[in-house]
There are 4 protein chains.
Amino acid sequence: MANSKFEYVRNFETPDPLMPNTWIVVRVDGRGFTKMCAKYNFEKPNDRRALDLMNAAAKAVVTEIPDITIAYGVSDEYSFVFHKSCELFERRSSKLVSTVVSTFTSNYVHQWPTCFPDTPLSSPLPSFDGRAVCYPSVQNLRDYMSWRQVDCHINNLYNTTFWALIQLGGLDNKEAEKTLAGTLSADKNEILFSRFSINYNNEPEINKKGSVVFRDYELVDPASNNVAETIDSVAEPVKQSKSQREKDKKRRAKARILVEHLDIIKDDFWDMRPWILSGKPGKVPKET
Amino acid sequence: MANSKFEYVRNFETPDPLMPNTWIVVRVDGRGFTKMCAKYNFEKPNDRRALDLMNAAAKAVVTEIPDITIAYGVSDEYSFVFHKSCELFERRSSKLVSTVVSTFTSNYVHQWPTCFPDTPLSSPLPSFDGRAVCYPSVQNLRDYMSWRQVDCHINNLYNTTFWALIQLGGLDNKEAEKTLAGTLSADKNEILFSRFSINYNNEPEINKKGSVVFRDYELVDPASNNVAETIDSVAEPVKQSKSQREKDKKRRAKARILVEHLDIIKDDFWDMRPWILSGKPGKVPKET
Amino acid sequence: MANSKFEYVRNFETPDPLMPNTWIVVRVDGRGFTKMCAKYNFEKPNDRRALDLMNAAAKAVVTEIPDITIAYGVSDEYSFVFHKSCELFERRSSKLVSTVVSTFTSNYVHQWPTCFPDTPLSSPLPSFDGRAVCYPSVQNLRDYMSWRQVDCHINNLYNTTFWALIQLGGLDNKEAEKTLAGTLSADKNEILFSRFSINYNNEPEINKKGSVVFRDYELVDPASNNVAETIDSVAEPVKQSKSQREKDKKRRAKARILVEHLDIIKDDFWDMRPWILSGKPGKVPKET
Amino acid sequence: MANSKFEYVRNFETPDPLMPNTWIVVRVDGRGFTKMCAKYNFEKPNDRRALDLMNAAAKAVVTEIPDITIAYGVSDEYSFVFHKSCELFERRSSKLVSTVVSTFTSNYVHQWPTCFPDTPLSSPLPSFDGRAVCYPSVQNLRDYMSWRQVDCHINNLYNTTFWALIQLGGLDNKEAEKTLAGTLSADKNEILFSRFSINYNNEPEINKKGSVVFRDYELVDPASNNVAETIDSVAEPVKQSKSQREKDKKRRAKARILVEHLDIIKDDFWDMRPWILSGKPGKVPKET
């Protein structure tokens, strides 16, 4: 039986390839997480279980999609970076976005009981939306990552002070808001320290810096490479021999995936881990 | 602390609104479900638990997103139709696609233990991809839906015969394939009947027709309306009064969501349920 | 000699097909025409030579591109409508836009000396930009056309009054602007009539209505068809036999192309000329 | 009079911004130039008048649109490169493409009588289509330019030999085609030399290399800069002071626009003219 009479409807699909030779960032955001936080009693300003769950889901995404070279998460958002040479799904935007969002969601829901053993999920379940943005140069990509980390810092400092005023200072939400209106970073640090003896610098790194997910290879001397320049000047995906490709694949699969809380704004993070920008797996460190 | 130095990266986001006044179909497809079927021992040719799980996830999506007017699913795919007047997320493609895919995935994973009580999930978890396609006219939309249902029929007839040859006839995969090469529908019906005394017409409707999800209102006389023409001639979203909008919302929320296995190719299905194309909630049937 | 080393750059071209089964409007706008009007001393409020030139260029475009079913122009803009079944250039947006803009420009510049025999062109030459917009339904398309014609009316009434105040009333630009600030249509009609004995209704149709370009076939009884509904319900381009296609082509080529100044907001214009929406050539009127 | 009833149609316009921080190439191609060549008796294999006309039109485009940093033309095509920092028309694709195509067409038609004094134009007039492609890195851009120049070389060598076989060798088209089938560059050079005493190297540069259009500043020592790397690492448009912007604008306006026939594949062309990639005007050479 021929299906041809209706098959013309296929022509209505529009192609959505992302520009070649650009960095693809797929950003995942929690939907209605303010409500969710309330519903499941997330701790304020940061719920460690919730962050661990986000990180576990992100780690699963990076593990399952080796084209992702680095990911960065904070609060209820996570950004996944596909290397500029990535050819996965012919770089189709909706395929890339939906696959990342679905894999993330799937793991988030599945691992929920591990992180929240006493809090069963109920409808409506947590869900996420996503979108893809391309960045042409390494500097654009790093500026994107820096933007998210600066945002993390600004929000966390604000939230830490806000909730200290409420939880320790006995203010209500409106009073806390008013107290913070117009304050600079230094003012917030001062409030924390003078009123509550909290030294913001001693706050957990995961809250101050967010979380970075990447493969673990041997660190290199930052002065030994200029991977950013080299990578910017690469014009198209390197055609690797099949054996080289297989070798890289194995190395990548063998690499541990780390979730750390590091400064990704300064050069050092990138210079010591050239594999993140080069896309070439580094040396797998010896087990100790 | 100003974040302005990096904030320029926002300009790299490209707008992706879908054309106004067109029907939006978001189609969700299982990723790597052939492997998944094997891993979790799905029954062949149709695993009722797996279909029930797909339907449960779809029902949750339609419940949570009232802009979806109908959904149709078969095998590991589901198509969700947003009414042409829908303004959700300003019709941004990636928002719509990712929200549907995430909500679907979330419910699929969460309800897995209900449908597969003896088969715990393990990594890699099930996941789905998705994409959006727009259709300008009712006819285009109905042709899309018909296309999927014809596909369901063709595949199910093939698979039913294929697995009968193997499970009942003792053939191996290659022999079954060879037997079916070049056969027409009539031939397959004949094989089923003469060799295995299977009357294809008596196969379960869910397998032959797939599943349709929609809100339940009182059916109307098919001759009493020509909703398709009326709707095609509507040029822009009707501006409703706020009270009317609230009323519609309540009615929609009150409506039961049905999962049925009906013919959606013929006119009757649509003519008896004008609310699906009109987007105006019908009369909620009295409880019996 | 192989060119393959560089040929990869081709992959950076992104496809830009317009949605099938939708009406494509390519709108052409004069670039910097305020300056141009001054440079070449266009008469105010309407320069008949300039309008004739626009119309001549538009007529050439419609003649050369038979997929255009109707065009509408006012001032320094022209909208060209491709039938929703059009497959020209696989509906690639940039091809369609650039071809219309280039053909229009080419004829505008070439026919300039005919319309402005005493005013040679000099650098920078007149030029136009363009863009494509799609409309899913006949009502959307007609609303677009109505929008342009209402705009024509509003602007022309304003400009006619504005320039009467200056040219006949002796006001300067600022005084005229001030006089008109906040006036309604009725007020402007009144100013024209009471101060300058101008009955706006007697102004030239070309100024009040703009110009419509279309092929000339025998008019039909408006009550005899409901082409809009019929066309909205058409789902895909009709597959014609080759001989039918050739016949249509000949008939289209034989048809005179008219430039008229008619009301295109009311139904009559469209109902009497069903070929514009149906895309099927009408009956070529007998020469008289 | 309010226009609001129809104004909703504006929402159907879809935004089409090109990705920031990428090189935009607008390529213009002659429409149906094979026919045009025949109609106006263009000389084979190269008609100098036709090339001069293309170059004159391109020069006018570069003059009128200072955001264009370089252009390259061959046969009936021309590529215009907008600097990656360009913000013209908010980088809207259809605006950029249509403006270039219209300005090019306008000048082509207007200057036709200068280049073809004895051959008046007639309908259908020459016209061009266009499209935009973005390139993220300098290397991608240069590879695009190289691709066009290699193409020029390959086609010109073929055409030169093909027409020599016909015009000097007395072959007909088919025989000439057959003679050339499967030949390499060396073979064609040999045919030209041995049969017709033509040394391909002595052919006019304009035929062998095509034409490059750019602003003329003082050449610099190629070793003195690495503009490509510098420019690749620039992440966003430099925010210039208004006075600096005005200064640059004047310098750019003062610069002569050259049409030359140079090798643009090798580094030297670019290294000696860093202003093409940097976008910063160089030193205007002293008049001599």
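Each residue, glycine too, has its Cβ placed from N, Cα and C.
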- Message: Based on TrEMBL, name the residue from A:Asp47, A:Asp52, A:Asp67, A:Asp76 that is recorded for the same Mg(2+) 1 site as A:Asp29, A:Gly30.
- Response: A:Asp76
- Query: Once the chains shown are all counted, how many other Cβ atoms turn up within 10 Å of the Cβ of A:Asp76 (Mg(2+) 1 binding site)?
  - Reply: 20
- Message: Taking 10 A as the limit, how many CB atoms besides its own sit near the CB of A:Ser75 (GTP binding site)?
- Response: 21
- Message: For the C-alpha pair, I'd like the distance in angstrom between A:Gly30 (Mg(2+) 1 binding site) and A:Ser75 (GTP binding site), rounded off.
- Response: 9
- Around the Mg(2+) 1 site recorded as A:Asp29, A:Gly30, A:Asp76, what other same-chain residues have a C-beta within 8 angstroms of the site's C-beta center? A:Val28, A:Arg31, A:Phe33, A:Ser75, A:Glu77, A:Phe128
- Mind sorting out which of the binding-site residues A:Asp29, A:Ser75, A:Asp76 are close to chain D, meaning Cβ under 8 Å from one of its Cβ atoms? none
- Query: Can you tell which of the binding-site residues (A:Asp29, A:Gly30) has the fewest other C-beta atoms within 10 angstroms of its C-beta?
  - Reply: A:Asp29
- Secondary structure content, the domain 'tRNAHis guanylyltransferase catalytic' (A:6-136) (per DSSP, counts of residues): 58 helix, 31 strand, 42 coil
- Message: Can you filter A:Asp29, A:Gly30, A:Ser75, A:Asp76 (the binding-site residues) down to those whose Cβ is less than 8 Å from some Cβ in chain C?
- Response: none
- A:Ser75 (GTP binding site) and A:Asp29 (Mg(2+) 1 binding site), Cα-Cα, nearest whole angstrom: 9
- Restricting attention to the domain 'Thg1 C-terminal' (A:139-266), give the mean pLDDT. 94
- Item | DSSP residue counts for the domain 'Thg1 C-terminal' (A:139-266), split into helix, strand and coil | 80 helix, 9 strand, 39 coil
